[in-house]
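As recorded in TrEMBL:
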ACT_SITE  95  active site, electrophile
ACT_SITE  167  active site, proton acceptor
BINDING   9, 10, 11, 173, 212, 233, 234  substrate binding site
């Protein structure tokens, strides 16, 4: 039985004051025991979050990391080793905003995935299609290609050490959401692709949905058999709503 994961990506939001307020509210939420919980704050606030959330089941993630673990001349980058040293257990890899705004490629994302694993982090591999690609009927091709870049190097066993997040790009920050059936279709396709290589490992991989997950749609999404939780964006900046999403995952598990 796969445990659900509910992860909150704060993106580039927060000040010390607002972060402290949110952390205080998160500490007062009732978190389900049967759900893995994680937040990815801006890197500046990771240690602040680690200290404040020590008594909660919330774990920490980096929003991105460099493609090498060793120290080096990479001004502005944060290595996965540094994230691990700061207390992170996860790191997002290949988020759609990194792909589109920072020109990250399948090759560079694969290198980041490798570096994260080498440092003991669980990489959350983000895959997904744009509206144009979906309308062209290319969802399976696009998502499959993004997966294959990592599968070719690590196999299903490597992916099972991390998490897959399906984030339809057209549903991020737009207010649009894939219907539960639409999301399930892609999640099932991803798992079936993995199962062709290793069915046992494929059934163990956490595949979460990351397209405008909110308290009012979480329960219906998480009821789908291949949706193992959510990668939550804006709703994770509201402790009450994030808590409700986590409890919806607990109810579905």
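The backbone N, Cα and C atoms fix where each Cβ goes, and this holds for glycine too.
Between the C-alpha atoms of residue 9 (substrate binding site) and residue 95 (active site, electrophile), the distance comes to 10 Å.
Residue 10 (substrate binding site) sits 15 Å from the residue listed as 'active site, proton acceptor', counting Cα to Cα. Local packing around the Cβ, expressed as the count of other Cβ atoms within 10 angstroms, is greatest for 233 among the binding-site residues 173, 233, 234. Cβ atoms within 8 Å of the centroid of the Cβ atoms of 9, 10, 11, 173, 212, 233, 234 (the substrate site) belong to the same-chain residues 172, 232, 235, 236, 237, site residues excluded. DSSP assigns residue 9 (substrate binding site) to a strand.
Counting only the Cα atoms, the space from residue 234 (substrate binding site) to the residue listed as 'active site, proton acceptor' is about 14 angstrom. Among the residues 9, 10, 11, 173, 212, 233, 234 said to bind substrate, no two Cα atoms are farther apart than 14 Å. Residue 173 (substrate binding site) and the residue listed as 'active site, proton acceptor' are 11 Å apart (CA-CA, integer value). Spacing of residue 173 (substrate binding site) relative to residue 95 (active site, electrophile) is 13 Å (Cα to Cα, whole number). In this structure, the recorded positions 11, 95 were compared by how many other Cβ atoms lie within 10 Å of their Cβ, and the smallest count belongs to 11. Here the C-alpha separation of residue 233 (substrate binding site) and the residue listed as 'active site, electrophile' works out to 12 Å. In this structure, the CA atom of residue 11 (substrate binding site) is 11 Å away from the CA atom of the residue listed as 'active site, electrophile'.
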